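So that you can see what the record holds, here are the features copied from TrEMBL:
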type    : residues                                                                   : note
BINDING : Tyr52, Gly77, Ser78, Ser79, Asp102, Asn103, Asp134, Ile135, Asn149, Arg216 : S-adenosyl-L-methionine binding site
DOMAIN  : 75-175                                                                     : domain 'Methyltransferase'
Amino acid sequence: MPAFSTYAAGTAVSKEPDRLFAQPLAQVPDFAFNEDVVRVFPDMIKRSVPGYPTIVENLGVLAAQFAQPNSVLYDLGSSLGAVTQALRRHVRTDGCRVIAVDNSAAMVERCREYLNGQDSMFQELLPVEVIEGDILALEFQPASVVALNFTLQFIAPDQRTALLSRIRQSLLPGGALILSEKLRFNDLEEHALLTDLHVAFKRANGYSELEIAQKRSAIENVMKPDSLEEHRERLLAAGFSKVVPWFQCLNFASLIALP
Ligand SMILES: C[S@@+](CC[C@H](N)C(=O)[O-])C[C@H]1O[C@@H](n2cnc3c(N)ncnc32)[C@H](O)[C@@H]1O
Ligand SMILES: O=C(O)C(=O)C[C@]1(C(=O)O)C=C[C@@H](O)C=C1
């Protein structure tokens, strides 16, 4: 019987601890959002991403400021739907609905279960649709809020501008893209310092040196972080008019991009 904990407003999520990289692996496979990761994901992301709970909860608060009546709120790369749940808790604008998209079948299946749980406990939540699909192939509907919470870093770098341009074109006046990412830094000293501090954060959250090293090898081919400057330039090139960082903790940050 799996253990469960609750998100802020009560929906049960798996509490299984992340020990995926605890034993020495002869060869570390590339990181994938498969069934093994899904089982431990709430624990993994909280212990790996400094500021994650603050970002998710405040994403709901921010979204409530940008949501426009009768529009779509997108949660792209929704994983288990933490952002979707925050949107549903905070946004009260008439006629809004949430579309959550992820291309991991295992994530989507579990996400739907959690959202059904949320529906059975609370009334008057925004309607939500969870789509299993590739956000690169998605036809965007007119949207007031688009959340990319630690998803763009997993998209091939040469596909990122085109995706952001399509998001920009779907955004309604008064809306916003909220983009959270792990950062790299052009200044080598700054990069080394914040990388070391991130390792210290993981250690303080109970990860061993082996777990930290094996996770690093697992993600290095599949997750390619950009610098803040690259994000800003790319967002402006994609047609956004203003880029406003609203949160940074160590080498993880979140930006608001306005149409
Ligand atoms: C780090 S997780 C996102 C965490 C989640 N947004 C949250 O706040 O809890 C990245 C997610 O993006 C999904 N993903 C990666 N590439 C994708 C793509 N091309 N289309 C749809 N989903 C994608 C992965 O399956 C994974 O669930
Ligand atoms: O940078 C790391 O070491 C991470 O573990 C980061 C990160 C992320 O930013 O998405 C990578 C994969 C998992 O989804 C959880 C966290």
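Each Cβ is built from the backbone N, Cα and C atoms, and glycine gets one as well.
TrEMBL does not curate its annotations; it predicts them automatically.
The most densely surrounded of the binding-site residues Asp102, Asp134 is Asp102 (count of other Cβ atoms within 10 A of its Cβ). Ranking the binding-site residues Ser78, Asn149 by how many other Cβ atoms lie within 10 angstroms of each Cβ puts Asn149 at the bottom. Considering only the residues assigned to S-adenosyl-L-methionine binding, Tyr52, Gly77, Ser78, Ser79, Asp102, Asn103, Asp134, Ile135, Asn149, Arg216, the longest pairwise Cα distance works out to 25 Å. Sequence-distant contacts of Tyr52 (S-adenosyl-L-methionine binding site), defined by Cβ-Cβ distance under 8 angstroms and a gap of at least six in the same chain, are Ile45, Lys46, Phe252.
The average pLDDT the prediction assigns to the domain 'Methyltransferase' (75-175) is 97.
Per DSSP, the domain 'Methyltransferase' (75-175) is made up of 46 helix, 25 strand, 30 coil.
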